[in-house]
Amino acid sequence: MKKHILHVFIYMCPFFIEAQNSLPIVDVKQDDRRFSYKQLILPAGLITAGAVLKIPSVEDDLQKSVRGATGEKFKTKIDDYTQYVPVIAIFSGDLLGFKARHNYKQRAFNSIISSLITGSVIYVGKSGFKSLRPDHSTSNSFPSGHSALAFNLATLQFLEYKDSNIWYASSGYIFAAATACLRVTNNRHWVGDVLTGAGLGIGIAVVVNHWGPLSKFTHGDIFNKRISLIGYPVIDKNAYGAGVVISIK
C-alpha cells in the first residue's frame, strides 16, 4: 500500500497521535458555520492593549510592580511546559467522556496548521520589532511566543468541547494564563508582549477552527485511511521548536 509522508515544521510540543476511524465526524449545523466577526473582538482588544502597554514608561512601571511582588530572584521553567497542556486536552477529552466537535484527524490538522501559522506570525513579529527583553538577554521580546501558542491551543480546546462540557473546554485557559503570567514574573517578557501574544493566538485559532483546513482529508475514502503523527524536538543554538511527520496509510 502506498504511503504518503508530509513533513512540516511547527512551534509546538512534540507528541504522538494515532487516529483511528472509530469516531464519526461531529455534525455541525449550518448556522454554526457562519463566521461572526464578533469572535475577533476579544483577540483584537488584547492585541491593542498589548500595543498600548509597550509605551516604555508604562511597561517599565508595570514590570517593576510585578517583579516587586514576586521578588527579583523569582525563576522557574514550568512555563516551558504549561504552554503545551491544552494540546493534550484536545485529544484526550474523548477518553473522559466528552464529545469533541471534530474527529481526531481534523483536530490534528487544526492543531498543526494553527500552531504553524501562530509560530510564523510570532517569528515575523519578533524579527520586525526587535524588542529588548526585560532581562536584557535578547531583542526578540515582542510578541510572546509562549503566550501565543498557549492561548492558541487553549482556544482550539475550548472550541472543540464547549458544547459538550464548558468546564473542560475552558480548562486550557488556566494553563495559558499561567504561562503568560510566568513569562512576566520570570522577567522574560513585558506585560504588553504576553497580551499581544494571547490575542494573536486566540484570533488565529478562531479563524482556523472555522476554516477547517484540509477537511477533505477527513472525509470519503481518505477518511478510511489511518493517520499517524510523530513529533520530535528541533533545537539549535538560538531557537527551539519541533518537527512533525504526518503519515497517511
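Cβ atoms are placed via backbone N, Cα and C, with glycine included.
No curator has checked TrEMBL annotations; they are predicted automatically.
Small disclaimer: the values here were computed from a predicted structure and weren't measured.
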Choose the correct range: of 36-53, 108-125, 144-161, which one does TrEMBL annotate as transmembrane segment? Give that range.
108-125
Per TrEMBL record, range annotated transmembrane segment [choices 86-106, 191-211]:
191-211
Can you give me the average pLDDT across the domain 'Phosphatidic acid phosphatase type 2/haloperoxidase' (112-209), rounded to a whole number?
97
Could you tell me how many residues in the domain 'Phosphatidic acid phosphatase type 2/haloperoxidase' (112-209) are helical, how many are strand and how many are coil under DSSP?
73 helix, 0 strand, 25 coil
